[in-house]
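Colleague: Here you go, one structure.
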Amino acid sequence: MGTKNNVTEFVLFGLFQSREMQLVCFVVFSLFHVLTVLGNLLVVITINASKTLNAPMYFFLSHLSFADMCYPSATTPKMIADTFMERKTISFNGCMTQLFSAHFFGGTEIFLLTAMAYDRYVAICRPLHYTAIMDRWKCGLLAGASWVGGFLHSILQTLLTVQLPFCGPNEIDNFFCDVHPLLKLACADTYVVGLIVVANSGMISLVSFIILIISYVVILLNLRSQSSEGRRKALSTCGSHIVTVLLVLLPPMFMYIRPSTTLAADKLVILFNIVMPPLLNPLIYTLRNNEVKNAMRKLFRVEGSMGEK
């Protein structure tokens with residue numbers, strides 16, 4: 001047990017060693033993070049303040065936007081602050097907290113996308129039973145199950161890592177604490193732990209991806225019996241969901257469906273996964289959705305009239 005206390009902090013290499021590139025990273029990712037938080041916060045406020053956005057799809061979207069606001073916040077602020085640091089360090093407890101938070105919100109995001117796909121499947125393939133199947137209680141149950149699933153996924157990942165002995169090198173070639181670089185530093189045989197990580201993170205991503213693709217194929221096949229207007233609206237909604245699924249699930253599939261090894265491309269792949277889907281999701285779900293855009297306009301008009309008074 002004593003070997004676990006030999007490492008009290010980890011040294012992060014970050015994205016780039018060049019001072020000029022670190023300055024670019026500070027400007028770009030600070031802007032991206034502010035836009036991500038504001039964009040997703042706007043979606044959450046709009047859906048909860050609007051009396052018209054009460055469909056299950058918007059209920060799940062508000063949960064997804066909240067998860068998208070928290071997911072990059074687990075790692076990006078630390079990465080931005082580290083651009084000013086000559087030596088980028090993170091405490092052992094801070095490292096484990098970062099690992100837990102990133103996988104909690106990332107896992108929850110995947111489960112919420114699965115719940116949203118089920119909602120679209122019922123709406124398009126079983127429209128006459130939609131209100132009975134997707135009532136408020138079942139929507140709450142699906143959303144709650146998504147958060148619980150994210151927690152169970154993350155707590156397993158964290159418990160597997162925190163019990164490993166770290167007694168030697170403490171340098172992580174990444175911008176945050178992730179499971180593969182930590183397994184590489186452990187002074188113990190991590191083969192079994194690595195397999196569990198593949199089963200936990202990798203299979204969740206792969207199985208969710210297969211389920212989501214099959215569900216959208218079934219939805220698209222059922223659209224043949226819809227009217228042209230119904231097809232257009234359904235394709236617009238499903239198209240947004242499919243783009244989000246690809247953005248969210250392809251990077252973790254690349255990262256975790258393989259043995260516990262680190263590749264040169266890992267940093268850029270996980271950076272894309274942490275930054276881009278949460279940044280783009282508010283645009284993907286609102287730009288082509290007139291109901292959300294109209295609700296936002298009403299919200300701003302109400303705020304403007306209250307300001308004038």
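Yeah, the Cβs are placed from backbone N, Cα and C, and that goes for glycine too.
Got these off TrEMBL a minute ago, pasting:
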- 23-47: transmembrane segment (TRANSMEM)
- 39-285: domain 'G-protein coupled receptors family 1 profile' (DOMAIN)
- 99-118: transmembrane segment (TRANSMEM)
- 139-156: transmembrane segment (TRANSMEM)
- 191-223: transmembrane segment (TRANSMEM)
- 235-257: transmembrane segment (TRANSMEM)
- 269-287: transmembrane segment (TRANSMEM)
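Distances, neighbours, how buried they are, the whole picture for these features please.
Modeller: Within the same chain, residues 15-16, 53, 58-59, 61-62, 65-66, 68-69, 72-73, 76-77, 79-80, 83-84, 275, 278-279, 281-283, 285-286, 292, 295-296, 299 sit at least 6 positions outside the transmembrane segment (23-47) and bring their C-beta atoms closer than 8 Å to a C-beta of that stretch.
Averaged over the domain 'G-protein coupled receptors family 1 profile' (39-285), the predicted model has a pLDDT of 89.
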Colleague: Going through 99-118, 139-156, 191-223, 269-287 one by one, which has the most CB pairs that fall under 8 Å from the transmembrane segment (235-257)?
Modeller: 191-223
Colleague: Using a Cβ distance cut-off of under 8 Å, indicate which of 99-118, 191-223, 269-287 has the most pairs with the transmembrane segment (139-156).
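Modeller: By the under-8 Å Cβ criterion, the transmembrane segment (139-156) pairs most with 99-118.
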